[in-house]
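Heads up, the thing below is written out as structure tokens.
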């Protein structure tokens, strides 16, 4: 087994750890001191399957949150205005493959790296989103709980992957966040209408990126079984 295969196996184990509680899968991945260790008893295939299940769940929750926010706070005429108002997804500028042809051509390593970049880029914006949603008079508890849940899962996921990469690559210069420029646009206190559009854009962009995470992981899964017959739909 080469280094890439070893890295992928351990990445899948660490990626799995934060989501096990939410998925109800009985698995112990920690030692008595609380350190994350490789779940050697679980096959690579099963680990990846559970990671994909977790990614699907995150995407579904993001979709539900976006729909709920839209129904509660966004008048129909405003739903097509967020792009016209100059709001774009912060991750659009990141080196993440976007087109189907680009995604098909990148390596397994870069698929995983892209997932990590997306996770890290959303940690701070989702913390901001929790804060601003708390100021909405009629924000339903369901929306607040969904946002908090996703935020916590992303943070756990990021911490596990960073620890893994530092250990595997012996890279002391690795920081816990690659991208922070996505946070800056949300530091100001906008007016009510602007705030609604901005938060709506955040939720919509996160839903799109959550779908990318799911897509990348499913492509990775496909490549493990039939590398030459994996196509994006």
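Yeah, the Cβs are placed from backbone N, Cα and C, and that goes for glycine too.
The signal peptide annotation in Swiss-Prot covers 1-24. For 29-39, 89-205, 222-230, the entry in Swiss-Prot reads disulfide bond.
Cβ neighbour count within 10 Å across all protein chains ranks 205 highest among the disulfide-bonded residues 89, 205, 230.
Counting in whole angstrom, residue 222 (disulfide bond) lies 26 from residue 205 (disulfide bond) by their C-alpha atoms. For residue 205 (disulfide bond) paired with residue 230 (disulfide bond), the C-alpha to C-alpha distance reads 26 Å. Recorded residues residue 230 (disulfide bond) and residue 89 (disulfide bond) have their alpha carbons 28 Å apart, per Cα-Cα distance. The local packing around residue 222 (disulfide bond), expressed as other Cβ atoms within 10 Å of its Cβ over all shown chains, amounts to 14.
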